[in-house]
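Asks: In case it's useful when we look at the structure, here is the feature table from TrEMBL:
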type	residues	note
ACT_SITE	Glu249	active site, proton donor
ACT_SITE	Asp375	active site
ACT_SITE	Glu484	active site, proton donor
ACT_SITE	Glu509	active site
BINDING	Thr595	Ca(2+) binding site
DISULFID	Cys438-Cys470	disulfide bond
TRANSMEM	29-49	transmembrane segment
Amino acid sequence: MPVATLLPFTATPNRKSASPTSFRLTEKFILLLVFSAFITLCFGAIFFLPDSSKLLSGVFFHSSAVETNTRTGPDSSDPGSALNEERVLAKIRKDHEKALLEAKDTLQKRPDEIKQDIINEKEKVAKESMGQGGKDDNNLPIVEYHRPPGATGHEPLDPETKDRRAKIKEMMKHAWGNYRRYAWGSNELRPISKQGHSSNLFGSIKGATIVDALDTLHIMEMFEEFDAATDWVEKNLDFNVNAEVSVFEVNIRFVGGLLSAYYLSGKEVRIIRKLPVVFSHATSAPCASVSLFGIGRNWPWASGGSSILAEYGTLHLEFMHLSKLSGNPEFAQKVMNIRKVLNRLDKPQGLYPNYLNPNSGQWGQHHVSVGGLGDSFYEYLLKAWLMSDKTDEEGKRMYYDALQAIETNLIRKSSGGLTYIAEWKGGLLEHKMGHLTCFAGGMIALGADGAPSEKTGHQMEQAAEIARTCHESYARTALKLGPEAFRFDGGVEAIATRQNEKYFILRPEVIETYLYMWRFTHDPKYREWGWEAVQALEQHCKVEGGYSGVRDVYASTPNHDDVQQSFYLAETLKYLYLLFSDDDHLPFDHWVFNTEAHPLPVILKDKTDIPNEVE
């Protein structure tokens with residue numbers, strides 16, 4: 001089925017004006033919602049568990065009998081409830097078998113037949129989203145746009161801070177200008193080869209850097225560049241691709257980026273109110289990658305094809321906003337259902353393993369990490385609570401419970417006094433911390449104010465200690481850039497000992513923690529540490545054609561990997577710019593950043609009817 005074209009930006013209000021404008025949500029934002037519908041249906045049954053009626057009970061269906069069983073626990077002896085569960089399971093099995101048969105039929109078609117199916121489905125979707133005669137049926141919601149506070153900021157008064165922020169804007173111009181010159185429309189830039197680059201994360205979807213950079217361009221007031229980017233989005237962004245894409249990456253970069261660009265700029269977003277039923281071929285298992293026809297699969301390397309915690313746990317922020325804008329509660333319901341599944345599972349030592357087998361309903365390999373594979377799940381629990389105007393008590397409770405388990409089982413202090421977050425493998429600790437894990441300093445600082453009063457100061461101290469450790473991982477390299485992972489064993493501390501952990505790919509997580517620590521403490525060392533990173537990026541990563549990662553941060557001279565990652569523009573440069581901006585620019589009490597640093601506004605409790613929990 002087609003995933004229509006994403007987000008037209010048409011009417012352009014005065015960027016400096018806060019006066020509300022109204023827009024009608026119509027056909028073209030079918031892109032964002034149709035693609036997101038694809039994800040919701042990929043996750044539709046959340047986990048197809050034929051052998052685990054306990055987990056299915058009350059998660060996918062809302063009959064009173066099932067709800068009662070959910071509240072009384074899995075051992076309810078109500079015969080009516082048991083009969084209902086059997087019917088539910090029978091229906092899921094039947095739907096699953098039907099989906100598999102349809103998927104097989106699709107795969108047997110010739111390419112020209114598949115192409116015609118795409119055209120037919122696009123026409124069908126367009127007709128269903130319009131009234132008789134192809135005109136607006138007036139049933140689409142009218143959403144009044146109010147620019148959230150702090151979408152634009154003021155120049156810092158301090159001359160040095162002002163100059164440093166201007167330098168970071170200059171870096172963005174260099175990165176963006178070379179992408180536009182050499183790789184326009186490609187996903188990413190090869191700055192040394194001066195050509196486009198694409199990984200298999202996006203399938204045949206194009207323009208990752210454009211969408212990822214939209215909000216950074218607007219935040220830095222690069223409005224001509226922002227207009228050129230939004231024009232490309234309207235005319236060229238296309239999800240009609242018959243190729244596998246990463247659900248996680250497309251959600252955080254494309255869906256998050258487009259939502260953020262709308263909230264910052266107020267440019268009109270067209271959206272359909274009633275989502276058509278598409279991707280009918282979607283499987284009912286949660287999947288890491290999905291293809292055009294909804295045929296989902298997990299990564300074969302992931303503990304026997306398990307689902308990955310960070311991937312299925314990192315949809316909440318974007319999907320709640322999709323429900324808010326579209327008036328369709330299905331998006332919110334799906335992400336709340338994921339929580340219900342996780343709540344029913346026993347967690348070893350209170351920890352969430354990175355792998356969950358969708359067939360057995362049990363955890364896969366007991367590997368726990370606050371870095372890769374697990375990181376943004378914890379981040380989204382906290383941020384779901386903050387984004388809900390602190391009404392999502394379930395998200396809050398899950399976050400603080402998880403944080404306590406992390407502190408007890410994973411957080412350790414080296415003999416040299418450095419606090420780090422180890423990885424847990426079947427009860428044994430691996431004394432390694434990844435660059436990705438360094439985001440946790442900022443996360444813990446962000447959540448400290450909501451912790452029980454006796455723990456607030458303790459959590460801020462933990463956050464500061466993690467920030468120091470991550471700074472040391474930079475300071476102890478030749479290039480003053482942090483490695484992908486660093487270890488605390490064999491007599492070393494905060495140093496990478498394996499060659500495949502010594503690379504730096506322009507990652508943002510350490511800068512992210514500096515920003516949060518600066519906002520909450522105003523300790524000048526965090527700006528100084530950020531400026532050290534700026535100088536290292538300029539000296540070792542800047543090349544004529546943009547910015548490149550390096551293969552070994554301990555080498556005396558950089559060996560470039562020739563990739564300018566889209567997240568360098570979306571995250572690293574944005575966090576640096578905000579580090580040298582005043583606190584009223586995207587203030588944390590009004591904005592929540594998704595895991596790709598795309599700011600989304602807090603959903604005020606008197607402005608939405610989206611439920612905090614799905615009963």
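Keep in mind that glycine also has a Cβ here, set from the backbone N, Cα and C atoms.
Thinking about packing and proximity, how do these listed features fit into the structure?
Replies: Within 10 Å of the C-beta of Glu484 (active site, proton donor) we count 21 further C-beta atoms, all protein chains included.
Applying an 8 A CB threshold to same-chain residues 6+ apart, the list for Glu509 (active site) reads His435, Leu436, Thr437, Cys438, Phe439, Cys470.
In this view, Thr595 (Ca(2+) binding site) is surrounded by 24 other Cβ atoms within 10 Å of its Cβ, with every protein chain counted.
Of all Cβ atoms in the protein chains displayed, 31 besides its own lie within 10 Å of the Cβ of Cys438 (disulfide bond).
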Asks: Take the Cβ of Glu249 (active site, proton donor) and count every other Cβ within 10 Å, whichever protein chain it belongs to.
Replies: 20
Asks: Given Thr595 (Ca(2+) binding site) and Asp375 (active site), what distance in Å do their CA atoms have, once rounded to a whole number?
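Replies: Answer for this pair: 9 Å between alpha carbons.
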Asks: Sequence gap of 6 or more, Cβ distance under 8 Å: name the residues on the same chain that satisfy this around Asp375 (active site), in order along the sequence.
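Replies: Result: Ala310, Ser369, Leu436, Thr437, Phe439, Ala440, Thr595.
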Asks: About how far apart, in whole Å, are the alpha carbons (Cα) of Glu249 (active site, proton donor) and Glu484 (active site, proton donor)?
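Replies: Cα-Cα, rounded: 19 Å.
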Asks: Looking only at Cβ atoms, how many others are within 10 Å of the one on Cys470 (disulfide bond)?
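Replies: The answer is 29.
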